[in-house]
Each structure stands twice: as structure tokens, then as C-alpha cells.
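Visitor: So TrEMBL lists these for the protein:
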TRANSMEM  12-37  transmembrane segment
TRANSMEM  49-68  transmembrane segment
TRANSMEM  75-97  transmembrane segment
TRANSMEM  258-283  transmembrane segment
TRANSMEM  303-325  transmembrane segment
TRANSMEM  331-348  transmembrane segment
TRANSMEM  355-373  transmembrane segment
TRANSMEM  379-401  transmembrane segment
TRANSMEM  421-442  transmembrane segment
TRANSMEM  448-468  transmembrane segment
């Protein structure tokens, strides 16, 4: 017993070391994306005529934040554009909404690292995508509301005008103090190049983002010189600018920004994946038996009646506080994703923590705005305040009333899909963060009539499918006979099985024999397994259920919720 305790104590420093390397790799990953796509992001922001279109502004915010993997970078570009008069606050708000969506891609990528174990992957992916679902639903409601009423712009403007705001101090940067000793020796970037390109400074287009000179300082030197004409001496003062060359690995390699970015991208992803896998294994070995049960009970238990409703709001405050300390919502949400995967944190508890993280990252931006120069202070503060108001309104929409917590149900559905079809996770990332925003951007550039004429019918059809699907599982008698099931439609219209078969043939040709052997085995041949476990063994070949309904529904419509281990009605 004593030896077991000693071994577990020795694992804690390893756990902290892997967590530290995991956070450092996230920082390097952000730098890699900025090197590979930073100038492209600056060019995207440069076209101010495009940004005046709210839908285009939203998509630009998503794409730029995905490109640079940093909402703070995209927000700083927006602040510079607003303060320089190139962009008004009303046009900046959709971009801020888009950056809120784009920053959630990091923890979704982190969830992919747990794809090796099906149940962990289902929980981790659901916990990661609850952030995406919240942001997308908030934008769908608040973007049209803002375009019609300007509620966020007017509210933030009233706050800025009513307070005599003075320049403050920079927010605490605890995380950077801890990680910079490592990250600064690997790479240092001059982010002003991206901002300069966005604001039209063409001279910066050919300048590298990689810093060469660091620690610039000015020295004042006083000299005494003899003046022959006046037969006297005169005292003069001269200013000298000195700079010290940076010492990071890529200071003078001769490689292009793209080449360095790709090198850092590959190496940071390798370190991130390795650290994440080791973190999950260590956490699984530490959190076993009674220890795991005790921690799960503490984290996921609500306050006693009648104060149970306060638990979620306390979790929101915890999420905001932790994000404020580490100064990055991506780092916080990525750090809790493995805990969701191994079952320590339930998705019900992860949801308010994520909402709090959204608030925490905006308070950091507000403090950074208060430290802006006097000519940029008002614009920077108003943009940061709009970001804060957006997240507060989103929480009011999708949290206080339990029935309104649609992001949890949407995330569970995505988790079920990825548990059954693991390639669905990659398809989701490409579709939600690249393909769909690009299509919407192209339609918005074609004109409002085309955008509305195509998007409104698509959204209406999607909503009808969701409603009919819910009625099929819960109250099929309310539907006409031809809508009580999708079986009369072609299989590809209501199931991912045909696509899964194609992907299986393309990517798993070498395992064809093994798959054929598995297909000849039926659940009846596995009496020692439960129905759910036997069905799970067939998930890779997608032989069970359509795509539009959960795979493990009973005849009464009850779904076994593997995220919290109880049956619930959908």
C-alpha cells in the first residue's frame, strides 16, 4: 500500500511536466499558424469594403482566427483598424463574433488526440464541441439582432461615454511568465507585421514575422565640444538606439516564414499529441477506484436543495477566473478536454466552465484595452466591451433555463456520431471551420438576395428534419405514416453507412480481410457482452442506425446517456 502511494506521488511531478509541455506546445502551435498564414490574414483584413458586410465580417473573423490560432491576434488587428478609422465599431462586431467561433477549434483538435479509445473519444469530442455549438447558436441569434438593432454597439458606446476611462496597467500574464523561458528560445514573432499589412502598410509585406532584433533601448550621451568661432565650449546631447540580436532557434536560418511555420507546426503537433497521450495515461492511473469516484463526486455534484441552481453559476465564475489567470480560453478549454474524455468532468459541468472561459478571455481583453495608448483607448475598450456583451447575451440565451441548453444536446449528438464514425470528427472540423464559412462568404459577396435565397431554405429544411426526427423518436403517432420513418428514402439520405463504406474501402484496404471476418460475426455470437457493447463492436463498419437519429435508441425513444451513465429522454 505504501509503495503504491509513493509511486502515485512520484507521478504528480511528471503530470505537471507534461501539462507544462502541453501548454508550451499550444503556444508554439499558435506561432506556427501565424507564420504560415499570418500575412494572408493581414491581407484578408485589408479589404475594408468586404468587412462592412456583417456576414462577410463574421466569416473573416472565423477564418483569420483559425489561420493564426489566436483570437487575441485577430482582435488586436480589429482594434488597430478601428482606432485608425479604417473600420467602424459596427463592422468590427461581426468579426469579433467570428473570432469567438474560430478560437474554439483548438480544443476540438485536442479532442482528436483521444480517438484511440472509443468511449473516451465520444466524451472528449462532446465536451470540446459544446463550445462550438454555443458560439454558433449565439451567432445565429445575435448577428441578425445586432444588424437590425445595433444593441451591442449602442450599449458599449453608452458605457464608454459614461465613464471617464484612463489608461490602466497591463493584465497579469502569469502563463507567459511560466512558458516564455522555453517558447522564447524556440521562436519569437513580430505580430506588428500582420497588423501593419492589415492597416495598409505595404512596406511590411516583404518583412519576415520572425524577430531578429530584441531588447531595443535608447541611450542618451552628453558631449562637450569646442567651438572655435566663439572661442568657447558647448554641451551637446545625442541619442543612440541600440538593439540586441534575438537568441531563438530560427533567428538567422535563411528559411522562409512558411518553411519555419510548417516545421514548427509538425513539431508542435507531435509534442502536443505525445504530451496529451501521456497526460491521459497518467490521469487514468492516478484517478482509479475510490479516488476517481471521490473527485467525480466533488466536481459534478450540485449544491443541496434548494441551492442546486447556484452550482452552474459558480462553475462559470471558476472558468472565468482560471481563464483570466492563464490569459487564454484555448489553453483552459484544451486542458479540461482530456478530463472530460476520461470521465472526471461531465459535459453538464464542462458547459458552464466553458461559458466562464468565454467571459474570462474578454476580461483579459478589456484590461489590455485599458492599457492602450490614448489615441486608441476608446476604440480598443469599446471593441473589447462588445466581445464581453456578446458572451453575456449568449449565456443569457443558452444557460439559465435548462430547456434552452441546446449546446449540450447538440454536443452529445456529435459525440455519438464520432464514436460510431471516427472520420466524422475530421469532416466536422473541415465543414464547420473551413468549407461552410467559405461558402457563406462567397454567397454574401454575391449579394444579400442570393445569400438569403439559398441559406433560408437550407436552414428551414434542416429545422424541419430535426423536428420530425424528434417526433419520430418520441411521438411518432403525431406524424403521417410516410414521415414516421425514413426507411422509404434512399439509404444515403438518412444514413452515413454508404459514406463509411467508401471511406473504409479507401483508407483500410489492408484490413479488408479482418473487416470481412468481423462482418461475419453477429451480436448473437457474443452472449457474454451486453447489447450496447456488442453493437459498439460493429461501430467502425457503421452497420447500425441512420445518421439522423442516435444509434442506441430503444423502442420507447429512451437513449442511454453514456456521458453520465443514466437514461434520459431526448
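Cβ atoms are placed via backbone N, Cα and C, with glycine included.
Small disclaimer: the values here were computed from a predicted structure and weren't measured.
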Visitor: Out of 49-68, 258-283, 421-442, 448-468, what stretch is closest in contact terms to the transmembrane segment (12-37), meaning most Cβ pairs under 8 angstroms?
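Guide: Checked against 49-68, 258-283, 421-442, 448-468; highest Cβ contact count belongs to 258-283.
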Visitor: Taking the transmembrane segment (331-348) as the reference, which of 75-97, 258-283, 379-401, 448-468 gives the largest number of Cβ pairs under 8 angstroms?
Guide: 258-283
Visitor: Per the 3+ Cβ pairs under 8 Å rule, pairs at least 6 apart in sequence, do the transmembrane segment (49-68) and the transmembrane segment (421-442) touch?
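Guide: Per Cβ check, the transmembrane segment (49-68) touches the transmembrane segment (421-442).
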Visitor: Would you mind listing the long-range same-chain contacts of the transmembrane segment (421-442), meaning Cβ under 8 Å and 6+ residues beyond its ends?
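Guide: 55-56, 59-60, 62-63, 66, 98, 101-102, 105, 108-109, 111-112, 115, 118, 121, 125, 129, 132, 136, 414, 451, 455, 496, 500, 503, 507, 539-540, 542.
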Visitor: Can you say which of 75-97, 258-283, 379-401 has the most Cβ pairs under 8 Å with the transmembrane segment (303-325)?
Guide: 379-401
Visitor: Same chain, outside the transmembrane segment (379-401) by at least 6, Cβ under 8 Å from its Cβ: which residues?
Guide: 75, 78-79, 82-83, 89, 92-93, 96-97, 100, 134-135, 137-138, 141-142, 152-153, 155-157, 159-160, 165, 312, 316, 351-352, 355, 358-359, 362-363, 365-366, 368-370, 372, 407
